[in-house]
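Peer 1: Here's a structure for you.
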Amino acid sequence: MRSTKTIHVISCHAEGEVGDVIVGGVAPPPGETLWEQRSFIARDQTLRNFVLNEPRGGVFRHVNLLVPPRHPEADAAFIIMEPEDTPPMSGSNSICVSTVLLDGGIVPMIEPITEMVLEAPGGLVRVKAECRNGKAERIFVQNVTSFADKLSVPLDVEGIGTLTVDTAYGGDSFVVVDAEALGFAIVEDEAKDIARLGVRITNAANEQLGFSHPENPDWNHISFCAFCGPLSQTPTGLTGRSAVAIQPGKVDRSPTGTAVSARMALMAARGQMTIGDTFEAVSIIGSSFTGRIVSQQMAGDRPGIVPEISGRGWITGIHQHMLDPSDPWPGGYKLSDTWGA
């Protein structure tokens, strides 16, 4: 076999959402901080194109790059590459990275509980894993500070009319809409319609509402649209279905950890949740993340929360992505039949 590039990947999913992990073959990108390294990858596009575009990738895939941590408290660091963005943080990808580190033997597993600190571009992520018989069975991720941004504001969406929406940050930035008011029960056969409408709503929110993180002015857009179903009370806390539309037009198969964090921040702002309360988010395929408010914390001048989300991850395979020097598409390709709403 001829190859000018070989990248070693352990494939994983967290509650249905793919989050592959690059464990070898890629040198750390330039940058003094993890955020600068993230920004280089986002600008350069070479690695993103190679692993996310067809024929090696696809719109369904997220890929995480393991890099040496820059923060002295961190045991490992990772940079998240999503189909159209290189975000500060991701809950499902944090679970995938933790699963690969522990189940793959990269970080020593201690049963029954392994604790470690990961560094994401958006900040430190404290992880606790419940482990048994060599398997990390459930991953608990203490997320970055999350906060409500705008509450109950109007948004005009062409072809729909005026919606009442919220915006919030949970490690990534969201416009949040009432799924039931738009006729969605958040079931599998609605995925295409949710994806298409979600992209339109996200684009409208960026044009009309905008977003700027109070401590990181580089993060100045709304990434996703979260369709949130009605809440119900259970003996252990609140529960509700949700679906997140991801650019350029797909639905997250998991409940989206950053969306769970953002939704809990909105509920805290409205007095529906407080410290210690839990929320079970159910995805479009029926998988779930459990969220909990750990504490209150400011994000710049914004009152916020420190959320914890938990879920499960599974390794699905080991791959070596290669580049034959005669391949006319070294950066791959993407077509509108799958890449775009």
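Backbone N, Cα and C atoms are what each Cβ position is placed from, and that goes for glycine too.
Got these off Swiss-Prot a minute ago, pasting:
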ACT_SITE  SER90  active site, proton acceptor
BINDING   GLY91, SER92, ASP252, GLY257, THR258  substrate binding site
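For the listed features, I'd like the structural context: burial, neighbours, distances.
Peer 2: According to DSSP, SER90 (active site, proton acceptor) sits in a coil region rather than a helix or strand. Within 10 Å of the Cβ of SER90 (active site, proton acceptor) there are 33 other Cβ atoms, across all protein chains.
Every protein chain shown contributes to the tally, and the Cβ of ASP252 (substrate binding site) ends up with 29 other Cβ atoms within 10 Å.
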Peer 1: Which of the three DSSP states, helix, strand or coil, fits ASP252 (substrate binding site)?
Peer 2: coil
Peer 1: Using a Cβ-Cβ cut-off under 8 angstroms and a sequence gap of six or more, which residues of the chain neighbour SER92 (substrate binding site)?
Peer 2: ALA14, GLU15, GLU17, GLY19, HIS62, ASP252, SER254, THR256, GLY257, GLY311
Peer 1: List the residues of the same chain that sit at least 6 positions away from GLY91 (substrate binding site) in sequence and have their Cβ under 8 Å from its Cβ, in sequence order, or write 'none'.
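Peer 2: Sequence-distant Cβ neighbours: ALA14, VAL141, ASN143, GLY170, GLY171, SER254, THR256, GLY257, THR258, ALA259, VAL260, SER261, PHE289, ILE309, GLY311.
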